[in-house]
Amino acid sequence: QILPVAHTKIHPDQKLGESVQQLLLAKIAVYLMTFLIVTVAWAAHVRLFQVIELIDDVLALLNLACMMIITFLPYTFSLMASFPEVPFGIFLFSVCAVVIGLIQAVIVAYGFYHPHLLNQQIQVSENQNFYKRRILKIILRGPVLCFLAAVFSFFFIPLSYVLLGLVIVFPHLTRFITWCKTKIVGQRDEGEEHHSLETFTFYLSEPLSKERVEAFSDGVYAIVATLLILDICEDNVPDPREVEEKFHGSLLEALSEYGPNYLAYFGSFVTIGLLWFVHHSLFLSITKATRLMELLNILSLAFIGGLPLAYQLTSEFAEKSHNEIEAIQVSCVITFFASIFQFAIWTTALLHERETLHPFARYGGKEHAFMFAKLALYPCVSLGAFFLTCLLSEFSTAIFHLMQIVIPFAFLALRIFVRISLTVIKSVMSLSTRKVVLLEEEEACLSPTET
């Protein structure tokens, strides 16, 4: 989904500030919206295969058709991003979303027509129709809104975008309304039969498993890292005729022209790799993901998907130009938001640490301080680099590349730094405690003599 944004052509004589307003802002907004819609479709797909556990040839082909439409979505997004005011782009995207939902609904109908493919609990249940309606409701609520968006795209495009936005917030909105009803009306008293009926549907309403969230996140990181090298292969291989004529056949001399591009590539790859490392460390500490943590993780991944754009900008304006500072600041902002949402996941987990965190990562655990420092490093450094480039604009390139070089070594030295800091804090605390104890002893010794 990020490719149309990352490949936006900005001419060197065109100011990046104007380009962001005219070219990038609309594309970034559409990218974020479509990325979040794809994550909603992915979550529905996961729920679907919680119900259907076995797959035969027909289900495999139906799922393959679903995957084919999903892989076509980036093209429809390109049309939406390039022509935001033309109805066909949003119409095509919405139609693809509707087709995906219909295929998933056919998978559900086929699965319930052949009960041996279903989850074991549903197979033995006498209320299969209830389960069928429940999973269809989860799958089809997004496509219904997309169908309305497709219809209104030819009459009133802003309403279509609002309806697509509702696809993202609708699950959270319905849960919020249910929570409000529960608080106002109170929990209904339900019999044993209904309780047994709800056992599996409650599982469907639970947040996705930590393993599924990790698998999806790893996939996003892998794709983003691959996009970087694709850009290198596409734009930074010199033409053989140019090498022969301009550089007298010297390939090394020709490649030296692309030096800043390689530097930007390695810096961007290190950023992606270290953010993945932090994400991996974070989820090693987590035992259970809540819905809020899943939402924050998706927002973090959305900005991770923007890192190819950061690479494209910093490599394109690597030489000193009036666009250089703006390009570096955009990169710092993307990195900041990608990392601050990771920190927010950690903060959210701490609110319910007994349910969500391993004992070693909880407050007072042996890894708590280290995890805090590891997750705070990128937000602090990227924010610091942003303000330094504002104050010291002449050295913006040096500051940005220094940040990219220093952070890997900072991660290596972080554990030592945290241990030294904790030792110093404990020493100071023990000294203050000793002073208090000595003062109390002196007061105790003096009190009898005074009496």
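Don't overthink the numbers, they just go from 1 along the chain as shown.
Cβ coordinates come from backbone N, Cα and C, glycine included.
The annotation transmembrane segment is assigned in TrEMBL to 28-46, 58-77, 89-113, 142-169, 262-283, 295-315, 327-351, 372-392, 398-418.
Sequence-distant residue pairs (6 or more apart) of the transmembrane segment (398-418) and the transmembrane segment (262-283) include at least 3 whose Cβ atoms are under 8 Å, placing the two stretches in contact. Count of Cβ pairs under 8 Å against the transmembrane segment (28-46): among 58-77, 142-169, 327-351, 372-392, the largest is for 142-169.
The recorded stretches the transmembrane segment (262-283) and the transmembrane segment (372-392) share 3+ CB pairs below 8 A when only pairs 6 or more apart in sequence are counted, and are therefore in contact. Tertiary neighbourhood of the transmembrane segment (142-169): same-chain residues 33, 36-37, 40-41, 44, 84-85, 87-88, 90-91, 93-95, 97-98, 100-102, selected by CB-CB distance under 8 Å and a gap of 6+ residues from either end. When Cβ distances are compared across the two stretches, the transmembrane segment (327-351) makes contact with the transmembrane segment (372-392), since 3 or more pairs at least 6 residues apart fall below 8 angstroms. The transmembrane segment (89-113) and the transmembrane segment (58-77) are in contact, since at least 3 Cβ pairs between them lie under 8 Å (pairs 6 or more apart in sequence). Tertiary neighbourhood of the transmembrane segment (372-392): same-chain residues 274-275, 278, 281-282, 325, 328-329, 332-333, 335-336, 338-340, 342-343, 346, 399-400, 403, 406-407, 410-411, 414, 417-418, selected by CB-CB distance under 8 Å and a gap of 6+ residues from either end.
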